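A.B. asks: Structure incoming, see below.
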Amino acid sequence: MKTLYSLRRFYHVETLFNGTLALAGRDQETTGFAWWAGNARLINLSGKLLGAHVAHAGLIVFWAGAMNLFEVAHFVPEKPMYEQGLILLPHLATLGWGVGPGGEVIDTFPYFVSGVLHLISSAVLGFGGIYHALLGPETLEESFPFFGYVWKDRNKMTTILGIHLILLGIGAFLLVLKALYFGGVYDTWAPGGGDVRKITNLTLSPSVIFGYSLKSPFGGEGWIVSVDDLEDIIGGHVWLGSICILGGIWHILTKPFAWARRAFVWSGEAYLSYSLGALSVFGFIACCFVWFNNTAYPSEFYGPTGPEASQAQAFTFLVRDQRLGANVGSAQGPTGLGKYLMRSPTGEVIFGGETMRFWDLRAPWLEPLRGPNGLDLSRLKKDIQPWQERRSAEYMTHAPLGSLNSVGGVATEINAVNYVSPRSWLATSHFVLGFFLFVGHLWHAGRARAAAAGFEKGIDRDFEPVLSMTPLN
């Protein structure tokens, strides 16, 4: 075997393949990893690993900018965003850019600016990635000790953790600043059907903010996904940003306690597994958030939630039949329950029919018709506004159901449109990615624990067919 780069930092895992097909310092013999193991070859080359990460960030930001401009180029202002397969413009609109009352897009220029800024940023990151991958120092420890590290240096690792937490905290505060001072954000609950507004009266009460995390995840409780006013969302970001920044300072200033040193595995692969586990949890939470929450993800941009489309259908036919003379308060359905209205298990008046299972739904077009005991019969008879009828008819025909061939909406709904809701795309993609990340977490956690215990030597490759084959070059 050739001289190892550094015995002290050699990762003892054998993955033989074809040692001839690699660059010096990044080949199988010096790193213990073959070419197909990707960045595992760079575990102990901090400079090259930096290049890989910066280049990866460049690819991510390039996608964001290019996809952003693609969506702007294809955008039709006359159609709702959710009918156009957009997944980036709804996020920009939710932040209050380019939209007015009712979520109507009045200016697409901010979206264009966002795309261009991301493209320019990606060029800078791409250059930095190529520089550090090809030209920069292989390791940072000698020339730039502040940026250098040894994976098992616990103090340095928690310092890096602290820096990352501070950056996340600053990110949370950027949303707070946008909502408070820089034009506000889109509030789907604004009177008359949603508008952009500045958030003035933040919720900072810890009992309210942390009350969400103590709620049950089931039914009408809905854990943090049940948040339904912007004051709570922005106030939550103040708390979260503060906790991240204070926690970051704490981790920079302190060394890990003895119990933490014993509890964790301190290696690069262990940190990878922790990160994948955290991202997996984020993916599953994001899946539930975008599927059920119509405040952080306004229905004007993302389309209605499943329960919302269902309740909208019940409301639309209640309106129609009431105009045709039906007494919606007492009409009986085929099961003997109320055809249009019935009572929930706890006594509230709710919509009847199959949509009874979604009786928890809260939506801006429906809440004005509720009284202290659920839906108010007198309001349903006298107070329904045209915008509520229009919006519910629109949502009824745009349920977030759909197949890959884009035959969207409820299969039995004759007025449904060919489309797949962005809610479907975002929820399913985040669920699948969350699952893959969880599998990756288990895989790398198992390898890291085995390596720490000293019995990870990879697969026995003495009889691997590839060893008897001619080298590729």
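Note that Cβ sites are derived from N, Cα and C of the backbone, with glycine treated the same way.
Straight from Swiss-Prot, here's the annotation block:
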- Glu367: [CaMn4O5] cluster binding site (BINDING)
- Thr15: N-acetylthreonine (MOD_RES)
- Thr15: phosphothreonine (MOD_RES)
- 69-93: transmembrane segment (TRANSMEM)
- 134-155: transmembrane segment (TRANSMEM)
- 178-200: transmembrane segment (TRANSMEM)
- 255-275: transmembrane segment (TRANSMEM)
- 291-312: transmembrane segment (TRANSMEM)
- 447-471: transmembrane segment (TRANSMEM)
A.B. asks: By Cβ distance under 8 Å, which residues at least 6 away from the ends of the transmembrane segment (69-93) in the same chain are close to it?
C.D. replies: 99, 103, 105, 108, 110-112, 114-116, 119, 186, 297-303, 394, 398, 417, 419-423, 425-426
A.B. asks: Check the transmembrane segment (255-275) against each of 134-155, 178-200, 291-312 and return whichever range has the most CB pairs under 8 Å.
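C.D. replies: Per the Cβ under 8 Å count, 134-155.
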A.B. asks: Under 8 Å between C-beta atoms and at least six apart in sequence, can you list the same-chain neighbours of Glu367 ([CaMn4O5] cluster binding site), or say none if there are none?
C.D. replies: Trp189
A.B. asks: State the residues, same chain only, that lie 6 or more residues beyond the ends of the transmembrane segment (134-155) and have a CB under 8 A from a CB inside it; answer 'none' if no residue qualifies.
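C.D. replies: Sequence-remote neighbours of the transmembrane segment (134-155) are 8-9, 25, 43-48, 50-51, 255-256, 261, 266-268, 271.
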